[in-house]
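Chemist: Supplied in structure tokens, the structure appears directly below.
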Amino acid sequence: MVRLSNLVSCLGLASAVTAAVVDLVPKNFDDVVLKSGKPALVEFFAPWCGHCKNLAPVYEELGQAFAHASDKVTVGKVDADEHRDLGRKFGVQGFPTLKWFDGKSDEPEDYKGGRDLESLSSFISEKTGVKPRGPKKEPSKVEMLNDATFKGAVGGDNDVLVAFTAPWCGHCKNLAPTWEALANDFVLEPNVVIAKVDADAENGKATAREQGVSGYPTIKFFPKGSTESVPYEGARSEQAFIDFLNEKTGTHRTVGGGLDTKAGTIASLDELIASTSAADLAAAVKKAATELKDKYAQYYVKVADKLSQNAEYAAKELARLEKILAKGGSAPEKVDDLISRSNILRKFVGEEKEAKDEL
């Protein structure tokens, strides 16, 4: 009977130790955390704590991500409401509290980063050199900012749209997939940044205070060259965010990351095309383009020059580009270029059709 009891006890202990997230109690804490020589990230939680409940699925996923390296690092948790002596021993005053133990001493380091999977995984990897494993996910295009990086991210050459969020906030959770989609929509815009600050994390609270954040999510736009923000007060749909950014930054994105019919076009040159005779168009466009720094100004010059030699050039070239786009398979950057050039060609084709109608 004693042997069976011991066996059950051992099996229970083994189960606790080999689980993705190790359940720590006074009986095994010292052996697993303090004397093992193996570092550990430990969450001190209480079952009734709302923030703890929100963290629970993320923390379980974290344990799974490092389960392959259980001989190198431990992801553990302590019910500090039941085992209050353990909580008091390490100065736990609120829940959840996360602490990093080096496996050699009883003086842990407070974890002050974000409570999302990416932040927690990065912390463990930086400490141990161990990389997380799990279902392959496309890396997020949202730039995570904190107290150390925020000031360097705004006020420079980029337009920055920032969401100040908290992991326990229901509205923030609803916003998250839209925010990810928005970041993907603008991934090819080198000077537009979609960012996020975990305002509930220790390394994000100071920035949130400085920015006057009092509720979540709070969304602010920082124009390039300015550290003064513009509050975003519109709808929280992907389309609404895209419309806002297109207006503020001069981009032409659509839902899904494509380009609209104005992308690549230059209003002043379009007006010139509409008001200049075919005979004078090439010279007029070339002269006007010399004063422009726009990426596609010289493409206008090229098309106008080609048209002066072949009146069907724009129509034929447009048909060729549309065929390439319809076929698919081009790199995203190439698709952007094809759409922009097609939009420009349509300006010339429209003028050609009007000229033929007059004849």
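Note that Cβ sites are derived from N, Cα and C of the backbone, with glycine treated the same way.
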Chemist: According to Swiss-Prot, which stretch among 188-191, 268-271, 356-359 corresponds to the feature motif 'Prevents secretion from ER'?
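Modeler: In Swiss-Prot, the motif 'Prevents secretion from ER' feature sits at 356-359.
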Chemist: Can you tell which of the recorded positions Cys49, Cys52, Arg236 lies nearest to His171 (site 'Contributes to redox potential value') in space, using Cα positions?
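Modeler: With Cα distances computed to His171 (site 'Contributes to redox potential value'), the winner among Cys49, Cys52, Arg236 is Arg236.
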Chemist: Give me the non-local Cβ neighbours of Arg236 (site 'Lowers pKa of C-terminal Cys of second active site'): same chain, 6+ apart in sequence, Cβ-Cβ under 8 Å, ordered along the sequence.
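Modeler: The answer is Asn174, Leu175, Thr178.
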Chemist: Can you tell which of the recorded positions His51, Cys52, Arg115 lies nearest to Gly170 (site 'Contributes to redox potential value') in space, using Cα positions?
Modeler: His51
Chemist: As a quick check of your reading of DSSP, tell me how many residues in the domain 'Thioredoxin 1' (20-129) are helical, how many are strand and how many are coil.
Modeler: 46 helix, 22 strand, 42 coil
Chemist: Neighbour count, 10 Å Cβ-Cβ cut-off, for Cys52 (active site, nucleophile): what number do you get?
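Modeler: Cys52 (active site, nucleophile): 22 neighbouring Cβ atoms within 10 Å.
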Chemist: Most Cβ neighbours within 10 Å: which of the recorded sites His51, Arg115, His171 is it?
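Modeler: When each Cβ's neighbours within 10 Å are tallied, Arg115 tops the list.
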